[in-house]
Amino acid sequence: MSKSWNHDRAAKHIDQKIADVEEITIKDYVRDMSLESIPTSTAYRVDGVHMYADIMNLEDMLNITAVEGTECHKRTLRFLDQHYRAVKRILNKVDARRVDFHSQRLHSLFTKPYNTESGAETKRVQRAVATAQLIIDVLAETGDDDEQIPAAKVRIGIDTGLALAVNNGRSGYREPLFLGDPANHAAKLASNNKARGIYLTNNARKAIGLAESDEPEKSALTAIEIKACQDAAKLDVTSDEIVEEWREDLKKNPIGGYQFSRQTPPLRDMDIYSLTPANSKRQEMVSLYADIDGFTAYVADHINEKTDDVVRTLHVIRSELERVVTSDFEGRRVRFIGDCVQALSCDGTAHTTDEEKSVSEATRLAGALRSSFNLAIERLNAEGIETGDLGLAIGFDLGPIAVTRLGAKGNRVRCAIGRSVIESEKRQCACSGVETAIGQVAYDAASKAVQNLFGKSRKTSHLDYNEATEALADDGDASAKQARSEAYAGSAAIIRADERQVQPHSRQKVDGSR
């Protein structure tokens, strides 16, 4: 049987998820509340400072050799592992929370001092700035010349304000996920430019008495401004102490050699939580990012009213997108990053990847994700749930990808790295909420039908499941022809894409305007 999306199957799952979040509780986060294992039906308004640290030379590590081979990936994973361990040690010392470590980006949160203390926001921002400089100083010392691991080049973004905390996992792996302006703006500041340094939004600048900037992304804090924050924060740790403890920890808990094996498709059977450096996966596969476009503004608009609808919308859409990836197309979700899903897919055998088929199926997967997204919006609105003006931006690419977990035993984080991972995210970021984009490597490996669908721009609009399957099948794509043949054999009521009106649930134009 080929992989397929089915309207009735999707509708049934969406309706069940809507029923699961009928009752929602919104709480204000206060002293001593736990953010661990937040129930699906609960969300917290959290007033805090969000910091994103972007390791800017990850891409250089992945391109250190002409061919993206195993040694390139081993060296890159060791690079990330060493720096992750150092940053985690810093956050523990300064009483900040690690939210996520996604490839080159580390997201952390400062909630202390609480708002019951005078000048709490100012003190939180000062503490975040002092910590940011500590991270920069430590990561300048945590390379390894013997292993050809360079020091990390870091750019840091900081914002302050209210965010919405919900759960970010399944089963026993629930961690808080933070939605809204502060996390989003901090992330954009960290990744918005090639210049290193510490960058604050105007909200964060005002909190510590600095003048607003017309271009915050180009206004790095000066040494004097950083020193003022360090003096005010009075962190009880120095970079020399962190580096010394980090080196001792590496001796006691060495990273070990990375060993790769292939994951026999389907990738949904990959147990990421069992992976270690000695048991890592690596093969040619498709990396895909699907981002709910407009969600940050939607959260900001509803942070104080109809917040329960935000929680319902997120959980329903996110759950359905994951179902499409894992159940309909037998792929593997790596993680949720805010309102974005990161996934992997692969077709082939235990020994080889069928690259052309993998790209064809990824194209139809992208279409299925949009069909489920549109259907979820439709069903949510039918229940009177306010969903704002949301879209879905999708990007994917093909290439060698290594999947493992970083960190010491008992404190590991998932990681999927490869040039295609970076490129697929770039392609997604270049899309509006109605667009799907394909990377150059995937395009080159694709069938002629897929290339015709995306065109020279390698981007297309309003691509849903029916359109993707019909267009590819009509143009001779073998995977799509098989899927259509099986669908027609199972039902005489299949609606051809050219016979139905596409009604996207985003008012965005292709160029991103409204």
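Any Cβ shown, glycine's included, is placed from N, Cα and C.
It should be emphasised that the depicted structure is a prediction, and the values quoted were computed from it without experimental measurement.
Swiss-Prot lists Arg105, Phe178, Asn184, His185, Ala186, Ala187, Lys188, Asp291, Ile292, Asp293, Gly294, Phe295, Thr296 as ribonucleoside 5'-triphosphate-binding residues, and of the candidates Tyr52, Tyr84, Tyr258, Tyr273 the one it assigns to that same site is Tyr52.
According to Swiss-Prot, Asp291, Ile292 bind Ca(2+); the candidate from Asp236, Asp240, Asp249, Asp339 that the record adds to this site is Asp339. The DSSP breakdown of the domain 'Guanylate cyclase 1' (49-190) into helical (H, G, I), extended (E, B) and coil residues amounts to 60 helix, 39 strand, 43 coil. Asp293 (ribonucleoside 5'-triphosphate binding site) falls within a strand segment according to DSSP. For the recorded Ca(2+) site, residues Asp291, Ile292, Asp339 set the reference point as the centre of their Cβ atoms, and the other residues of that chain within 8 Å of it by Cβ are Ala290, Asp293, Phe295, Gly338, Cys340, Val341, Leu390, Leu392, Ala393. Within 10 Å of the C-beta atom of Asp293 (ribonucleoside 5'-triphosphate binding site) sit 25 other C-beta atoms, taking all shown protein chains into account.
Model confidence over the domain 'Guanylate cyclase 1' (49-190) stands at 91, taken as the mean pLDDT rounded to a whole number.
Here the binding-site residues are Tyr52, Phe178, Phe295, and the one with the most other Cβ atoms within 10 Å of its Cβ is Tyr52.
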